[in-house]
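Each remark here refers to the structure printed beneath this line.
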């Protein structure tokens, strides 16, 4: 009977009385190994210790801490150790070290993003695409295609986009069109003066004078009427433009940077808004998408869903205390105020709750602060959620 009992004992250990020693299950550690008495087990403490084995001898093991270039991917629980990953902008190489992600240089775009165990994969921008910024997040963008009524000033290359400007039909009366009107006015005046001077000393052959005088008078009258009508129209048009300029000037004293750029490049003032409206929808969306990148938005932090706020708190709680203290500093808190949060039961929640009551608690401000403390992974998580749920 004793031999049978020993064969059935899974731990292979026995008390002094011959009883099979009990094994502690996953999530428990051995507080007192069996000997004279039976094994004594104790539960491991969440976020402090863990046990991922069934054993009659192993105590709870201390949780791993994510340090240096690592951030927490999954917290330590009773039955599982902490899972760490490289911070945003870094990846884990074959030697299990966190290395900085490769940057795609100007003229090269992203093919495969930098991940936990994968460095950035870049490609040279093919024909019809370009990349004018060095980073590890943007692909090659499609080149701008000029509209039918636009003129291409600069061809698209692998490192810069094409530049278009409005054709002559879209220009304002200033510049070349105004010069054309001035030339036309000069021509009409010159023709009129020539006609007048010519008619003052006509060469009249015998028998034709009576017939030529009415013809000359008709031509002269037509030219004078045309000249008067043209000058009147030009004056009226000039007054109308001056009136419109006076009405528009108080509304917007400073021209947009795009308007200034177009004016300085070509010497012609072009309405940047009308040019923007003429861009094809796909092109406008592409350019706008690039400019947004991970900029976030002006919404308040309080507009974030509760589950996303919990996720922010959890990710910050999983880091060292220095992480959220640095975040508090970036959000404008002084050291004495930051110290007061450490007295709270949940310091991170207290910090975010206090900050969210301020008028400046926008998502833009939070994104910027998180990037400055190298926690772009939290920004990435929030941004991917917001873009997935936003309408196209």
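Keep in mind that glycine also has a Cβ here, set from the backbone N, Cα and C atoms.
Taking Cβ pairs closer than 8 Å, the domain 'TNFR-Cys' (8-41) reaches residues 2, 49-61, 78-79 in its own chain, all 6 or more past its ends. Look at TrEMBL and you will find 8-41 (among others) tagged as domain 'TNFR-Cys'.
Sequence annotations record features per position, and here TrEMBL assigns repeat 'TNFR-Cys' to 8-41 (among others).
The disulfide bond annotation in TrEMBL covers 21-34 (among others). DSSP assigns residue 21 (disulfide bond) to coil in the three-state reduction, outside any helix or strand.
The annotation domain 'TNFR-Cys' is assigned in TrEMBL to 43-84 (among others). Counted with DSSP, the domain 'TNFR-Cys' (43-84) comes out as 0 helix, 15 strand, 27 coil.
Among the features that TrEMBL reports, repeat 'TNFR-Cys' is placed at 43-84 (among others). Tertiary neighbourhood of the repeat 'TNFR-Cys' (43-84): same-chain residues 11, 13, 21-31, 33-34, 90, 98, 314-315, 317-320, 375, 377, selected by CB-CB distance under 8 Å and a gap of 6+ residues from either end.
For residue 76 (disulfide bond), the Cβ neighbour count at a 10 Å cut-off comes to 24, with all displayed protein chains included. Taken from TrEMBL, the feature disulfide bond covers 63-76 (among others).
The disulfide bond annotation in TrEMBL covers 66-84 (among others). Other Cβ atoms within 10 Å of the Cβ of residue 66 (disulfide bond), summed over all protein chains shown, number 21.
Summarising the annotation, TrEMBL assigns domain 'TNFR-Cys' to 85-122 (among others). Under 8 Å from some Cβ of the domain 'TNFR-Cys' (85-122) lie the Cβ atoms of residues 68-73, 129-141, 158-159, 374-377, 379-380, all in the same chain and six or more residues away from its ends.
Taken from TrEMBL, the feature repeat 'TNFR-Cys' covers 85-122 (among others).
Residue 101 (disulfide bond) has a Cβ environment of 19 other Cβ atoms inside 10 Å. DSSP assigns residue 101 (disulfide bond) to coil, not to a helix or a strand. What TrEMBL records for 101-114 (among others) is disulfide bond.
Around residue 104 (disulfide bond), a 10 Å sphere centred on its CB holds 25 further CB atoms from the protein chains shown. The disulfide bond annotation in TrEMBL covers 104-122 (among others).
Within the domain 'TNFR-Cys' (124-164), the DSSP-based counts of helix, strand and coil residues read 0 helix, 13 strand, 28 coil. Annotated domain 'TNFR-Cys' per TrEMBL: 124-164 (among others), in sequence order.
Residues or ranges marked as repeat 'TNFR-Cys' by TrEMBL: 124-164 (among others).
Feature annotation from TrEMBL assigns disulfide bond to 125-140 (among others). Counted within 10 Å of its Cβ, the other Cβ atoms near residue 140 (disulfide bond) come to 21, all protein chains included.
Among the features that TrEMBL reports, disulfide bond is placed at 143-156 (among others). Within 10 Å of the Cβ of residue 156 (disulfide bond) there are 20 other Cβ atoms, across all protein chains.
Residues annotated as disulfide bond in TrEMBL: 146-164 (among others). Other C-beta atoms found within 10 angstroms of the C-beta of residue 146 (disulfide bond) number 18, with every protein chain shown included.
Long-range Cβ neighbours of residue 143 (disulfide bond) (same chain, at least 6 residues apart, Cβ-Cβ under 8 Å): 128, 129, 130, 156, 161, 162. Of all the disulfide-bonded residues listed here (21, 76, 84), 84 has the Cα closest to the Cα of residue 104 (disulfide bond). The CA atom of residue 84 (disulfide bond) is located 10 Å away from the CA atom of residue 76 (disulfide bond).
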